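Below is one structure, written out as structure tokens; comments come after it.
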Amino acid sequence: MTNDKDRKAPLSLSPKGKLELKKSAETGQVRQSFSHGRSKVVQVEVRKSKKRPATSGDPAAVQNAIRGAAVFDTGLTSEEMQGRRRAVEEAVVRAAEEAERKRLEEIERRRREEEEARLKVEEEARRKAEEEAARAARAAAGDAAETPAEDVAPAAPQVAAAPQAPAPAPTRSGPRPGPDASARPAAEAPRSPTEAPRPGPRRVVEDEDDDAPKKVASRGAVPPKPAPAKRVEPKRRGKLTVTAALEGDERSERGRSVAALRRAKQKEKRKAEMMSPAERVVREVIIPDVINVQELANRMAERGANVIKTLMKMGVMATINQTIDADTAELVVAEFGHASRRVSDSDVELGLGDALPDGTEVLTSRPPVVTVMGHVDHGKTSLLDAMRKTDVAGGEAGGITQHIGAYQVVTKSGQKITFIDTPGHAAFTAMRARGARVTDIVVLVVAANDGIMPQTIEAIRHARAAEVPVVVAINKMDLPDANPEKVRTDLLQHELVVEQLGGDVLNVEVSAKRRLNLDKLEEAILLQSEILDLKANADRACQGVVIEAKVEKGRGSVATILVQKGTLKVGDIFVAGAEWGRVRALVDDHGNRVIAATPAMPVEVLGFQGTPAAGDDFIVVEDENRAREISEYRQRKDRDAQQVRTARGTMEQMFERIQAGEARELPVVIKADVQGSVEALVGTLEKLGNDDVKIRVLHAAVGAINESDVTLAKASDGLIIGFNVRANPQAREMARRDGIDIRYHSIIYAVADEVKALLSGMLEPTFKESFIGYAAIREVFNITKVGKVAGCMVTEGIVKRGAKVRLLRDNVVIHEGSLSQLKRFKDDVREVREGYECGMSFETYNDIQVGDVIECFEMEEVAAVL
């Protein structure tokens, strides 16, 4: 009934109450505090958000809606009306519950985020404030005695008023424990899920002069639940005073912005990192054979200046680009606390030729390698010619062998023997040493008429050093003065005991000229090879040694190779010393081309990129890249060794050379036909010098004389020596134009004699003193315009005008000079002999007395010789 009356109430235009405009915002004044005690009153206002109250949670409204629906919908039965009413009520309740649940979840999420941010900011602000307060307290403690009382007094009311500040609004997390917790009205109990949310009052910062009834009026019978507010400390609450700093009141501290806190935190972190030593990282530093200081510093991640300081402490004065050895670098790395690992550039040679030992099942017999050694002109090459039925000795310049040759001979029984012929001249010691190193048996050729000679003894030493057996061939048995017994007896002095004297050394009396007992020599060699049981594996990569190397026009660099293991084929890639190449052709000792070379077979190999050195190892590798790496490493190693040899000496040595005078040098450019001759020439010429003059080899190589050789000789004013080679037309024309001397030779001792004569001509001549006579002073005369003249008697020898004289007084030399005048009876004479009187005067000297003795002598110039 009540609802019906409300709907039927008469309408009226008169308002029920007085119209008024409510305030949309609350205003107030706050005082802002700044640094240095400044403050300012500002006007602020807080606007309240307008929210429309939800009707979903009001039970009365729901009932009215249901009744209204029942009034207008008269076509439904009471049961249907009750069911619809229940459905509407349930839907409204579910919607309210869902909305409330979402709202609570959103509020809880925001509360957690705000709480976390607030706690973080408060913690940072508290820590920074404590640090600032402590610093300020320490600073203020020293000035407290000087601070006027009136400056400290105003701070007391401010500190005292701090506890009267209004308490902060409660957070969404619930009531905070405090003195006003019990005074909260009971209306703040949790609302039911169906209750509509009420807008909470906004927190308003009011002036201290505002009246308290204003706050009370805002509270109603049912005070609304306060809206959650972000609890953040105000950025500026007041300036820091001495009293507040000493009491440690946190409320008097002035807050800082988040950005300022972040910057301060980063600054403190950087300061702590600078003050605390950083944790050192231990690195593994790879150290090669040589390394410069900058590279070492980079690998350790250290400054180059620190590395140089460490080197200076170790006594090594080095620059940033100077190279140091591996041992010094390892000490530096250990000084910095890092770990070092030594590596070497020679690692590229690892595994080169170091194959596994060949099994006995793959080994086959091979011919013996025999080296013929002995003194010069004892018939080594003639003996080989007789066995090969050739005439090599007839083509040798000067009748001596100056090359090392390798040949293979087939005996009557069909067996093969490889012979290596070595020079016997003293200059070819290196060749003989190479021959003994690669050989299996040494045939020592001794002339029956000469016996044991110096190079024979040297050959015996090479054979003993190589630990190879010796077969003695006593040659020239066709001569009438041959004495083989003397040879056998002389061999005993060098620990070679032949079979005739109870030893185990085989010896054969032969004659190369008449081909006497050559078959017995072959039998002795084969017997010795059977005892040695020489075998090799032919089915593997080839290994050998360079016997000789040369440069031929149209063929390039050619080397004679003695194969020791494996089989060498055309197309193989190889490394020989510092050079590499690919086999283009193989030529045997008869000049025939072959496709393969088996063990103990000497062949000429074409295809070198450069000329190798005699005695270098010859090894076949798997590919071209490996060959290039090994070749580049060995060339770099040779260059470094050359730089070490030509490096400047110490400062003391330089001063010694300046004081003693630099030794005169004869620059020489040597070009020869084969590498062995180059070595022999260099060794022979370098032995010719002495302390006054010496040979300086500018360049020594294999091949013809070209323009670059002439240019090099011109730059040093040197001499060019061509041994069995000639200069090309362009080089000859350039040498003629520039005045460069080119000497051609084919015999090595002729080169030595000529160079020795040149060095002798560079020596300073020596002077020899020759005594010629004595004269005694009998009287002294004073002659006007002449001075004092001595009247003398020649007591011994003769006296010559212009000769050197010494004036002796009491057997002490008081003057040394020369005669200016020599007269006899007023006539100038050239000489006065013993027993005659004469008059003499000295050049620029007049202190002569009666009784003095004049010694007369001459200086003879003597040419110096080496």
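Even glycines carry a Cβ here, placed using N, Cα and C.
Region 'G1' is the annotation Swiss-Prot gives to one range among 78-85, 262-269, 374-381, 622-629, and that range is 374-381. According to Swiss-Prot, the feature region 'G3' maps to residues 421-424, out of the candidate ranges 365-368, 413-416, 421-424. Segment annotation: Swiss-Prot labels region 'G2' over residues 399-403 (candidates 394-398, 399-403, 824-828). Mapped onto DSSP classes, the region 'G1' (374-381) shows 2 helix, 1 strand, 5 coil. In the compositional bias 'Basic and acidic residues' (92-135), helix, strand and coil residues by DSSP number 44 helix, 0 strand, 0 coil.
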